[in-house]
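Engineer: According to TrEMBL, the protein has these features:
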TRANSMEM  7-27  transmembrane segment
TRANSMEM  66-84  transmembrane segment
TRANSMEM  91-111  transmembrane segment
TRANSMEM  117-141  transmembrane segment
TRANSMEM  162-181  transmembrane segment
DOMAIN    240-384  domain 'Oxidoreductase molybdopterin-binding'
Amino acid sequence: MRTSRTWWWLSGVVVGALGLGVSYLVAGIMRVRASPVVAVAEGVRDITPDGVVHWAIDTFKTHDKMVLLIGMFVIMTIVFALLGRVARTRWWITVAGFTALGVAGFAAVTVKPGPAGTMIVPVIAGYVTWLIGLAVLAGWLRRWELVEASDDEATDPTHSRRGFFIATGAVGGIAVLSAILGKVAGNQRAAVEKDRRLLRVDQVTKPIQPRGVKVEVSGVHPWQTSAADFYLIDTAILKPSIRLKDWQLRIHGMVDREVTLSYDDLVAREITEDWITLNCVSNEVGGSLIGNAWWSGVRLAGLLAELGIQDGADAVLQTSDDGWTCGTPLRELTDDRNAMLAVYMNGEPLTIEHGFPVRTIVPGLYGYVSACKWVVDMEVTTFDRIDAYWTTRGWSEQGPVKIASRIDVPDGGEEVDAGTFVCAGTAWKQHTGIEGVEVSLDGGAWTAAELARVPSNDTWVQWRAEIEVDEGDHELRVRAIGKDGDVQTGVESDVLPDGSTGWHSVDFSAKS
Ligand SMILES: Nc1nc2c(c(=O)[nH]1)N[C@H]1C(S)=C(S)[C@@H](COP(=O)(O)O)O[C@H]1N2
Ligand SMILES: [Mo]
């Protein structure tokens, strides 16, 4: 085989990369957040069956998005190589292939919120680049091939070969350069981080942990969760970077008077502050998708009352800057609890990951129906009229937190000293409160644990219990009792559709 033939695949890869780079650059310059590559990755995730998504999250933990991007990268490289390879004999397949990829990019960006007209520009730029780039490299390859094929011994293929490699190198270089420039141009993050650092909201206070909230047993998760340790759950592959001056919240729908608030409008209102525990519906029994923080923000009950809620409304459809939505029951937003538009977490502006500049926090509801990060739109409406991101994927429309408890000490598999052992952990049922916690050793009788103090029913509570353990293997179980008398069930159910149930148990051993 002539050497020229073996290089077609390389032109496919390099031209493919150039198209992606150019499209990324155009997206960056235009400040289109949904670059086609990321949009396709998000689209792939959206159309992936739930079972596969859960398997991926389970297997790769929080690296699932990285794995998705790397997987896409590998697949794209292979696809580009194949498209380059077939271009030699069947041009139309290559053109059809790039067109199909362009259409996928187009489809992925148009389902994103925002002006479709501008989001399509990066896709078109990338598509045109693919076609032109491939035509140029193919031109050099054909010249090289012709020279190799000619019987004329005097003709040296070096010139056309060199031409091909120089062109390929140049195209590859431009691809990398445009990707880097796209990154720089699109990088609002630095500016947003600066907004965060300079932000001062009057009335916001630093958290002061109430006395007696800790059981003081080493190994128990801290009662207050720092922003850095707070679990992160969202569907955004690129976290929205929103400048303070650009943020707006529109509240509309079944209200007498709709309103659009700027950040200054919002924080000029009275600030409310509270300790609130937030947890995820996907938290498995014994899991750690839960955290407790000091939140500062604006109470939604007051705000909504001012706008005048119309009869019949029972839900608020919240929309994030990245298009994610959730349906929150109006009752929990307007009753006595501190449901708020939070601006600070633990006395600091929200981090970008946790929803800067504004996110919702509602005591007593799982995050997926309430805790909208980067919130920009609230529509007062009715549940029967709306579909939210997770409820269209099999999760329950309503997501009140279920009573739960967890053993932090001993750790599973731990070896402790036989004799008296102090076990400890936490329990929660936000907005109802925990009345008691009980533990059972090796399937024996339930015995009461001691509870630490809590500032309100909206936080988790730490517990500790002294147990007598003999030498050998043991199993410890925990259950909680709510202030409403609800005793935590031992019946195990999966996180889907509305949160896990079952007792957390830990196997450990004791030695003399
Ligand atoms: N914009 C947006 N907000 C979101 C989500 C999301 O995917 N996108 N996930 C929700 C879920 S399922 C949970 S449990 C909480 C998690 O908030 P955290 O990441 O700050 O802990 O955010 C909620 N708010
Ligand atoms: Mo969640």
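Placement of Cβ uses the backbone N, Cα and C atoms for every residue, glycine included.
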Engineer: With pairs closer than 6 in sequence left out, are the transmembrane segment (91-111) and the transmembrane segment (162-181) joined by 3 or more CB pairs under 8 Å?
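Structural biologist: Counting Cβ pairs under 8 Å (6 or more apart in sequence), the transmembrane segment (162-181) does not reach the transmembrane segment (91-111), since there are fewer than 3.
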Engineer: Which sequence-distant residues neighbour the transmembrane segment (117-141)? Criterion: at least 6 residues beyond either end, Cβ under 8 Å.
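Structural biologist: Tertiary neighbours of the transmembrane segment (117-141) are 4, 7-8, 11-12, 14-16, 18-20, 22-24, 26-27, 30, 32, 34-36, 39, 84, 87-88, 94-95, 98-99, 101-102, 105-106, 109-110, 160, 163-164, 167-168, 171.
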Engineer: Can you count helix, strand and coil residues in the domain 'Oxidoreductase molybdopterin-binding' (240-384) using DSSP?
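Structural biologist: Within the domain 'Oxidoreductase molybdopterin-binding' (240-384) the tally stands at 26 helix, 60 strand, 59 coil.
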Engineer: For the transmembrane segment (7-27), find every same-chain residue at least 6 residues outside the stretch whose CB is under 8 Å from a CB in it, and list them.
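Structural biologist: Distant contacts of the transmembrane segment (7-27): 33-37, 76-77, 79-85, 87-88, 94, 98, 105, 121-123, 125-127, 129-130, 133-134, 137-138, 141, 164, 168, 171-172, 174-179, 181-183, 185-186.
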